[in-house]
Amino acid sequence: MDPHDKPEVAHNSTMPALHTTTDLARTEAPVTWKAYLICAFASFGGIFFGYDSGYVNGVNGSALFIHLVEGPDKDALSSPHSSLIVSILSAGTFFGALIAGDVAEMIGRKWTVSIGCLIYLIGVIIQMITGASGTSTLGDIVAGRLIAGLGVGFESAIVILYMSEICPKKVRGALVAGYQFCITIGLLLASCVVYATENRDDTGSYRIPIGIQFAWGLILGIGLMFLPDSPRYFVKRGMLDRAADSLGKLRGQPIESEYIQNELSEIVANEEYERSIIPSTNWYSGWANCFKGGLWQQKSNLRRTILGTSLQMMQQWTGVNFIFYYSTIFLQSTGAISNTFLISLIFTLVNVCSTPLSFYTVEKFGRRPLLVYGALGMLICQFLVAIIGVTVGFNHTHTDPTDATKTLANNISAVNAQIAFIAIFIFFFASTWGPGAWIVIGEIFPLPIRSRGVALSTASNWLWNTIIAVITPYMVGSQYGNLKSSVFFVWGGLCTAAFVYAYFLVPETKGLSLEQVDRMMEESTPRTSAKWVPHETFAASMGISGDVLSKDVIQDVEKSATTF
Ligand code: BGC
């Protein structure tokens, strides 16, 4: 659509340029309930993420499913089959996230998520027909999970991008934390559904957990169609009238209001500024731009790409998924816990209940303190689990008198203390690094590389998720590393790395617009970033403040508009 065909809704030549810090602080409209609801809806995408990670363990344990895959005389999946079925989803999500970065530049954020939902639904249908006569059970489930994974990859990268771009800056952290909250609810739902269906002796034991996923795809895919797309996407595509329209809807203000004009002019000016420094002329240079700039340069895209991808790597290195993927097996191996499902459920509940704390703390104290102190809390808990284990707890076992193939922990109280510290570790993760990593990757990239930067960071999350899922069984398996609870020395060590990393490398982005974050990262170091205050708008420095949709600016933005 040609912006010139539309009335110049946004022109307001009497609007003052913003120069003072107070002006800069008020460049956004007051947050309305409608804005909250629109932004919060997208966080529903987190349910896919959590549910998909969680339900497969139950399906893999269903007797009927095992018979279909391995034959009627087997009572467990073989290790290669089980690891293939679990990890194929992450392979799909890894590639899905990367592809989605490009798609979001071409067709917009919300349509990319909706397409992701469609791909996901196709994957679910293929998994649903698993076991239908004449098809290969293993082939169906693997193909279905690969395709569903592509959809989850689309959704997990682009929901974060979309939310970061549409949320008001004052509550952006809290709303993106809502996405993490939905991940935790997805994990909890998966545990409950699996618990309720695992003992069925019909195909419902695996078809019900699989089929329920259909609801998530439909709700998000259809719901998003009715929401406005990201104004930043429209600016990047040179569609300023649509950007103004979308911003007006998101902020609940008329498009000619000063709030909308100021915010839009800042987005436009930032885009022009970034493009003037690192232009992108084709698909290849669009990707290459993510890696431009020296490691030691303040204004470097490479630095931001490394920050986003390593932050997600660190989030996985905390070892949280060791608990969510393997806690049942780990607890069983202590020989001390009779109801391992209940303890796993408690871990999942702690995860759900602790996350909302971050809605408040991430805006009150900021991202940096959350990540620094969160890592500190986690490392203390993990070292305590490990130390208790080697001194009195789980690493001291004797042979089970009733079954010579099993061992029992000598000191049940010590094992209980270890379990309590694992729960406290989850509390720290859920209230800090869980949401924090997702919030920060949505904020640190400048618009020209944002969708690919977020995609790369999300892909890094899934890559490390897979690597950890594949190697941990070897670390704790009795026939391999047999580390028992000493595996927590490894997680404690990695959380120490995360603590140092957060202190030296994570900047404070609280309360800033995405454009102000861009400037802050140019002008401060991570350790001085919290003190940085906005002092000049991009709009003022580019000389377009107060005249956003004047013909000259429109032409300029249109000329430079790109899908790269
Ligand atoms: C992580 C997942 C993890 C989940 C637990 C997410 O932020 O990326 O890997 O399973 O939190 O709540």
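Along the chain as shown, residues are numbered 1 onward.
In case you wondered, yes, glycine gets a Cβ from its N, Cα and C as well.
Because TrEMBL annotations are produced automatically, they should be read as predictions rather than curated entries.
Record features (TrEMBL):
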DOMAIN    38-510  domain 'Major facilitator superfamily (MFS) profile'
TRANSMEM  33-51  transmembrane segment
TRANSMEM  84-104  transmembrane segment
TRANSMEM  111-130  transmembrane segment
TRANSMEM  142-162  transmembrane segment
TRANSMEM  174-196  transmembrane segment
TRANSMEM  208-227  transmembrane segment
TRANSMEM  317-335  transmembrane segment
TRANSMEM  341-359  transmembrane segment
TRANSMEM  371-394  transmembrane segment
TRANSMEM  414-441  transmembrane segment
TRANSMEM  453-476  transmembrane segment
TRANSMEM  488-506  transmembrane segment
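Just going by CB pairs under 8 A, the stretch in 111-130, 208-227, 341-359 that sits most against the transmembrane segment (33-51) is 208-227. Using a cut-off of 8 Å between Cβ atoms, the transmembrane segment (142-162) and the transmembrane segment (84-104) share at least three residue pairs, counting only pairs 6 or more apart in sequence. Taking every recorded stretch in 208-227, 317-335, 341-359, 371-394, 414-441 and counting its Cβ pairs under 8 Å to the transmembrane segment (488-506), the highest total belongs to 371-394.
A Cβ distance under 8 Å defines the sequence-distant neighbours of the transmembrane segment (174-196), meaning residues of its chain 6+ beyond its ends; these are 36, 39-40, 42-55, 57-59, 61, 159-160, 163-164, 167, 208-209, 212, 216, 324, 341, 344-345, 348-349, 351-352, 355-356, 358-360, 362-363, 430, 434-435, 438-439, 442. Taking every listed stretch (84-104, 317-335, 371-394, 453-476) in turn, the largest tally of C-beta pairs under 8 A with the transmembrane segment (414-441) is reached by 371-394.
Remote same-chain partners of the transmembrane segment (317-335), defined as residues 6 or more beyond its termini with a Cβ less than 8 Å from a stretch Cβ, comprise 53-54, 57, 86, 187, 341, 343-344, 347-348, 351, 375, 378, 382, 394, 397, 400, 406-409, 415, 419, 422, 425-426, 429, 433-434, 464-465, 468-469, 472-473, 476, 478, 484, 487-488, 490-491, 494-495, 497-498.
Among residues of the same chain six or more beyond the transmembrane segment (84-104), those with a C-beta under 8 A of the stretch's C-beta atoms are 52-53, 56-57, 59-60, 77, 112, 115-116, 119, 123, 138, 141-142, 145-154, 156-158, 161, 233, 283, 325, 451-456, 458-459, 462-463, 465-466, 469-470. Panel annotation: around the transmembrane segment (341-359), residues 54, 174, 177-178, 180-181, 184-185, 187-188, 191, 195, 323-324, 327-328, 331, 370, 419, 422-423, 426-427, 429-432, 434-436 of the same chain, lying at least six beyond its termini, place a Cβ under 8 Å from a Cβ of the stretch. For the transmembrane segment (453-476), the list of distant contacts is 53, 79, 83, 86-87, 90-91, 93-95, 97-98, 100-102, 104, 153, 156-158, 160-161, 164, 290, 301, 304-305, 308-313, 315-317, 319, 321-322, 325-326, 329-330, 333, 437, 441-442, 444-445, 482-484, 487, 490: same-chain residues at least six beyond its ends, Cβ to Cβ under 8 Å.
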